[in-house]
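For reference, the structure is listed below as structure tokens.
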Amino acid sequence: MVLNRYALITNCNHKTLGLYYLWFSFLFGTYGFLLSVILRTELYSSSLRIIAQENVNLYNMIFTIHGIIMIFFNIMPGLFGGFGNYYLPILCGSSELAYPRINSISLLLQPIAFILVILSTAAEFGGGTGWTLYPPLSTSLMSLSPVAVDVIIIGLLVSGIASIMSSLNFVTTVLHLRAKGLSLGVLSVSTWSIIITSIMLLLTLPVLTGGVLMLLSDLHFNTLFFDPTFAGDPILYQHLFWFFGHPEVYILILPAFGVISHVISTNYCRSLFGNQSMILAMGCIAVLGSVVWVHHMYTTGLEVDTRAFFTSTTILISIPTGTKVFNWLCTYMSSNFGITHSSSLLCLLFICTFTFGGTTGVILGNGAIDIALHDTYYVIAHFHFVLSIGAIIALFTCVSFFQESFFGKTLRENTLIVLWSILFFIGVILTFLPMHFLGFNVMPRRIPDYPDALNGWNMICSIGSTMTLFGLLIFK
């Protein structure tokens, strides 16, 4: 595909914009990944290694930016923006998205939002609040630079506007521009994954927007929404944030489900086992995932019956998720092809890691167990197995499988991608599997130092991180 020098700001073609989303995703993701390598270098052994004692807030700033970038600027643009823009019109028989120019604007807002978030590092103390921006830390004028929190909030707002525009575009395209005679009931699992993701974004992003705007007004306009000294409530912010924050996890992983379903179905030359149940399972995941946000807040002093409700609802999500894994495996086992392409291997790796991450999620969903494991490395291990391994493998599966469609030629040979897959998989398993043991040893997250007794597991984690870096260099 030949592009002129102004194509980025003038092109409205959905395929071109989808490719730009992918390029932005890999560019931003590489930056975020290198930040995580800095964190693992610091945690290679106990005591401070590369961060000075008087500048320990730098560690907070790094993991804050790492989290925001990987969630909002790596996985979302790659799977939802890239795969959705490129293939949604094709899969529903449309020649173009409903609003091509709005689609172009939503792409251009992504690098603007990224630059705003990165600018927070230029402030004197940075915005070391964690990606959750919890008050009263984020509204404190003593330990942080208010301007750093400002630009992070504005960056998230700009990114949210871009996501809402894309979501409206996708839903309108499917409802009004699909091919004649193509009913909603016969749309593919991949198409439904993008539709359900778009609906979740439209329902939850306004709540996040309201929450961070209240935070901004607390910082600069003398409101007291989250200040307990004047009858404000910091827990209110947690409710507002996690009402978006937990569905966001499914917003990230549902397009990955669509990619994996499409690749498995195509590679094994058969329709998915239980095709309609796969769509129903995604709908159930979306509904249940939107009403379980309080499981992030078990330690905030909830009543017992509240904990019981959210524990049971959280564990209930494992039923539709298990349905999807079962159907994928049935489709694979009913085929005689075996692993014929690197994307088939990546799909199996996704299923393994996602299943393991989901199992640890069921453990953490239990209110009694979570009180012991809350804010330990067990939590980090859980969500990185689902996101850092699961969603990222789905992103690479997408590029590996569709590379001829995307670029008109095979950029990487099958053998090289298989080699990268194995090296990457071993690296991430070495990085995140020992974190479960660190969590059981109650190593707190977001702290750059730890007892000497935990040196061994942390050393293995850091070696795995380095191995993942080498694997990424092979794929480049």
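Each position is counted from 1, following the chain as shown.
Glycine is no exception: its Cβ is also placed from the backbone N, Cα and C atoms.
Per Swiss-Prot, transmembrane segment is recorded for 19-39 (among others), and the stated evidence type is sequence analysis.
A 10 Å cutoff on Cβ-Cβ distances gives Glu42 (Ca(2+) binding site) a total of 19 other Cβ atoms nearby, all chains included. Residues annotated as Ca(2+) binding site in Swiss-Prot: Glu42, Pro448.
According to Swiss-Prot, the transmembrane segment annotation covers 61-81 (among others). Sequence-remote contacts of a segment are chain residues at least 6 beyond its ends whose Cβ falls under 8 Å from one of its Cβ atoms, and for the transmembrane segment (61-81) they are 18, 21-22, 24-26, 28-29, 31-33, 35-36, 38-39, 106-107, 110, 113-114, 117-118, 120-121, 126-131, 152, 155-156, 159, 163, 166, 194, 197, 248, 251-252, 255-256, 259, 387-388, 391-392, 394-395, 398, 446.
The Cβ of His384 (Fe(II)-heme a binding site) has Gly357, Val428, Thr431, Phe432, Met435 as same-chain neighbours under 8 Å, each 6 or more residues away in sequence. The annotation Fe(II)-heme a binding site is assigned in Swiss-Prot to His66, His384.
What Swiss-Prot lists as transmembrane segment is 105-125 (among others), and the listing cites sequence analysis. Tertiary proximity for the transmembrane segment (105-125) is limited to same-chain residues at least six positions away from its ends with a CB under 8 Å from its CB atoms, namely 8-9, 17, 20-21, 24, 28, 57, 61, 65, 68-69, 72-73, 77, 81, 143-145, 147-149, 151-152, 154-156, 158-159, 161-163, 165-166, 169.
Summarising the annotation, Swiss-Prot assigns transmembrane segment to 144-164 (among others).
Away from its own ends, the transmembrane segment (194-214) comes close to residues 80, 83-84, 88, 133, 153, 156-157, 160, 163-164, 166-168, 170-171, 174, 187, 223, 225-226, 237, 240-241, 243-245, 247-248, 250-251, 254-255, 258, 282-283, 286, 289-290 of its chain (Cβ-Cβ under 8 Å, at least six residues beyond either end). The transmembrane segment feature in Swiss-Prot is assigned to 194-214 (among others); the stated evidence is sequence analysis.
Annotation comment: Swiss-Prot describes 240-260 (among others) as transmembrane segment, evidence class sequence analysis. Nonlocal intrachain contacts for the transmembrane segment (240-260), taken as residues 6+ away from its ends with a CB within less than 8 angstroms of a stretch CB, comprise 71, 75-76, 79-80, 83-84, 132-134, 189-194, 196-197, 200-201, 203-205, 207-208, 210-211, 214, 282, 285-286, 289-290, 292-297, 324, 328, 347, 350-351, 354, 383, 386-387, 390-391, 394-395, 397-398, 401.
According to Swiss-Prot, the feature Cu cation binding site maps to His246, His295, His296. His296 (Cu cation binding site) carries a helical DSSP state (H, G or I).
If you draw a 10 Å sphere around the CB of Tyr250 (O2 binding site), it holds 21 other CB atoms from the protein chains shown. Residues or ranges marked as O2 binding site by Swiss-Prot on the basis of similarity to another entry: Tyr250.
If you look up Swiss-Prot, you'll see 278-298 (among others) marked as transmembrane segment, on the strength of sequence analysis.
Summarising the annotation, Swiss-Prot assigns transmembrane segment to 309-329 (among others).
Outside the transmembrane segment (345-365) by six or more residues, the chain places 253, 256, 260, 263-264, 267, 292, 295, 311, 314-315, 317-318, 321-322, 325, 328-329, 332, 339, 373, 378-379, 381-386, 389-390, 393-394, 396-397, 400, 417-418, 421, 425, 428, 436 with a CB less than 8 A from a CB of the stretch. Marked as transmembrane segment by Swiss-Prot: 345-365 (among others).
Residues or ranges marked as Mg(2+) binding site in Swiss-Prot (evidence: similarity to another entry): His374, Asp375. Take the CB of Asp375 (Mg(2+) binding site) and look out to 10 A: across all protein chains shown you find 15 other CB atoms. Secondary structure at Asp375 (Mg(2+) binding site), taken from DSSP and collapsed to helix, strand or coil, is coil.
Per Swiss-Prot, the feature transmembrane segment maps to 379-399 (among others).
The annotation heme a3 binding site is assigned in Swiss-Prot to His382. According to DSSP, His382 (heme a3 binding site) sits within a helical segment.
For His374 (Mg(2+) binding site) paired with His66 (Fe(II)-heme a binding site), the C-alpha to C-alpha distance reads 20 Å.
Taking the centre of the Cβ atoms of His246, His295, His296 as the Cu cation site, the nearby residues of that chain (Cβ within 8 Å, site residues left out) are Trp242, Gly245, Val292, Trp293, Val294, Met297, Phe310, Thr314. Tertiary neighbourhood of the transmembrane segment (415-435): same-chain residues 40, 342, 345-346, 349, 353, 377-378, 380-381, 384-385, 388-389, 393, 396, 400, 457-458, 460-461, 463-472, 474-475, selected by CB-CB distance under 8 Å and a gap of 6+ residues from either end. Of all the binding-site residues in the record (His295, His296, Asp375, His382), the one with the smallest CA separation from Pro448 (Ca(2+) binding site) is Asp375. Just so you know, the Cβ of His295 (Cu cation binding site) picks up 21 other Cβ atoms within 10 Å once every protein chain is counted.
Using a cut-off of 8 Å between Cβ atoms, the transmembrane segment (19-39) and the transmembrane segment (455-475) share at least three residue pairs, counting only pairs 6 or more apart in sequence.
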